[in-house]
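Listed in Swiss-Prot for this protein:
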type: ACT_SITE; residues: HIS75; note: active site, charge relay system
type: ACT_SITE; residues: ASP120; note: active site, charge relay system
type: ACT_SITE; residues: SER209; note: active site, charge relay system
type: DISULFID; residues: CYS60-CYS76; note: disulfide bond
type: DISULFID; residues: CYS179-CYS194; note: disulfide bond
type: DISULFID; residues: CYS205-CYS234; note: disulfide bond
type: DOMAIN; residues: 39-258; note: domain 'Peptidase S1'
type: SIGNAL; residues: 1-34; note: signal peptide
Amino acid sequence: MLTVTTLVQLMKRTLAVGAVALAAVSLQPGTATAGPAPVVGGTRAAQGEFPFMVRLSMGCGGALYTQQIVLTAAHCVSGSGNNTSITATAGVVDLNSSSAIKVKSTKVLQAPGYNGKGKDWALIKLAKPINLPTLKIADTKAYDNGTFTVAGWGAAREGGGQQRYLLKANVPFVSDASCQSSYGSDLVPSEEICAGLPQGGVDTCQGDSGGPMFRRDNNNAWIQVGIVSWGEGCARPNYPGVYTEVSTFAAAIKSAAAGM
């Protein structure tokens, strides 16, 4: 029987083969859930609704931190350094659209000290800027509450395939205490934030990894509070989604981006 600890190693929400640096076990098709998750219980997003959303070719999501840098999850990449193997797709909700903007990566920066637990953020520099709105990140915990929006091209059900169209859903904040009652010591409360419905049914899933969790700020602008990271299955009752707490790493992200 898989323990929660083992599951955490498997449930990073990315489909990228070889990109989950911490995975010690390889999943065969049809087993548990080790891939970028789509949004379970979501509805289709409108064209232009979330213009900062990015789909990454390794099977993860991301958001435009700047017009030339994508913020995603550390477990979606294999390390830091020059990297021209990733293609970012932006500007569309339909990945098959002829209007899609596709740009190659030039460099990747994985969070310093990332070892598979916490610190799940990374930056990908693109070969050229994408002329689309960016997503501001929270640098204070003031927005780490309320109801959040998640979006992605990941699976629409646990074990399902990736989606052609961008899906969106709303999920409520879950306290650290409540989240720890589900995940125990696997949760890093100082670095992670949880969200989801107690009864399940709405969640990010395989293929959504690295995508943003966001809400409106005091000026009614979108602000990113989380990065899709991991969870037990998708949309299961009493197992909320776990997200990197962006405000905790805002200064480090800003500094790293400036050095790229």
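In case you wondered, yes, glycine gets a Cβ from its N, Cα and C as well.
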Under a three-state DSSP reduction, the secondary structure at CYS179 (disulfide bond) is helix
The recorded positions listed are ASP120, CYS205, CYS234; by CA-CA distance, the one closest to CYS76 (disulfide bond) is ASP120
Excluding its own, the Cβ atoms lying within 10 Å of the Cβ of ASP120 (active site, charge relay system) add up to 30
ASP120 (active site, charge relay system) and CYS234 (disulfide bond), compared by Cα position, are separated in whole Å by 19
Quick tally, other C-beta within 10 angstroms, CYS194, CYS205, CYS234; top of the disulfide-bonded residues is CYS205
Expressed in Å to no decimal places, the gap between the Cα atoms of SER209 (active site, charge relay system) and CYS60 (disulfide bond) is 5
So CYS60 (disulfide bond), by the Cβ count within 10 Å over all chains shown, scores 35
